[in-house]
Amino acid sequence: MTNILSPEKSEHDQELPIRPSYLKEFVGQQQIKENLLVFIKAAKSRNEHLDHTLFYGPPGLGKTTLAKIISNEIGGNFKSTAGPAIIKAADLASILTNLEKNDVLFIDEIHRLNTLVEEVLYSAMEDFELDIIIGEGSAARPVKITLPKFTLIGATTRFGLISNPLRDRFGIPMRLNFYNTEELKQVLNRASKLLDIDLTDSGSEEIAKRSRGTPRIALRLLRRIRDFAVVDGKSRIDKEICDFGLKRLTVDSIGLDSNDYRYLKFIADNYHGGPVGIETIAAALSEQRDELEETIEPYLIKIGLVKRTPRGRVITIAAFEHLKMPIPNKSQNQLNILNENE
């Protein structure tokens, strides 16, 4: 699934030279910032490495940015890889043996590490030692390599898929949450200054309200609306041009797009609001289950349009109202599910 509202990274997102370098520049996640500042100062005062850190939560909220900030704050080199890229234990050993003291090793999608790689990582995280086998067959022998004191930072959108032994080795687990409108406005205002964009307060608010609580999406929308403004001959990005551009991008007033409507209407039209299993939804929409669970559902659940129940997904009365569809005649049991927590 590729669309303007996807919180996943794209190569074009990296073109924006606006990533903050230090905690004081990072907008949002206030409690995380304050706690990180304490942990970093304490580690530096003791002349120790920062404890291994795990960032988890929906995509697009700043996990990679915070990892780079930590590297800058502690004065180490930043080395980055991803769980799927580390196929063999030897791949991990090669990375670890090239680290220096106070380096930060960032592993994105850490929940996708395979078991053999994880087992090598345990002793590296806990004892800063690497146990590897050199040679083959009868000539094989174990070798223990001492590693420098480094900080491992893991990032995941699927916290529940990380094994307990690996999860327990992170001294600093931190959940990143969706941003509110005011925080997203701050992100947009900072970006507009760095990019020399004349963005009005009403313009930043309009983009923020439709950005699904996600900075990555907000910045992507800002860049696309700038395109509409340039072609339309406007030097200032205000609410009017934002509304025009967002409608052209099929982003509605609360940040839903055609993929969200497909999801909601499938459940509404075919299952009278649900419940319906996620595998059925994925098959009907020709989407991967992971894509639905990581890209579409988190925001729909956050704003109260979808609920996950033991029997499957259910869209709420608020969803029917937003779709401007009549609420179906359902059994009292089904209505109880729809009305739950409304």
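Cβ atoms are placed via backbone N, Cα and C, with glycine included.
Of the residues proposed, Arg216, Arg220, Arg223, the one Swiss-Prot records at the same ATP site as Ile18, Arg19, Gly60, Lys63, Thr64, Thr65, Glu126, Asp127, Phe128, Arg169, Tyr179 is Arg216. Considering only the binding-site residues Ile18, Gly60, Phe128, the residue whose Cα is spatially closest to the Cα of Arg313 (DNA binding site) is Gly60. The C-beta environment of Tyr179 (ATP binding site), restricted to residues of the same chain at least 6 apart in sequence and closer than 8 Å, consists of Gly28, Leu61, Val187, Ser211, Gly213, Thr214, Pro215. Per-residue confidence over the region 'Small ATPAse domain (RuvB-S)' (180-250) averages 93 (mean pLDDT, predicted model). Ile18 (ATP binding site) falls within neither a helix nor a strand when secondary structure is assigned with DSSP, and so counts as coil. Under a cutoff of 8 A between CB atoms, and with a sequence separation of 6+ in the same chain, the neighbours of Phe128 (ATP binding site) are Thr146, Leu147, Pro148, Lys149, Phe150. For the DNA site listed in the record, the two most distant Cα atoms among Arg289, Arg308, Arg313 lie 14 Å apart.
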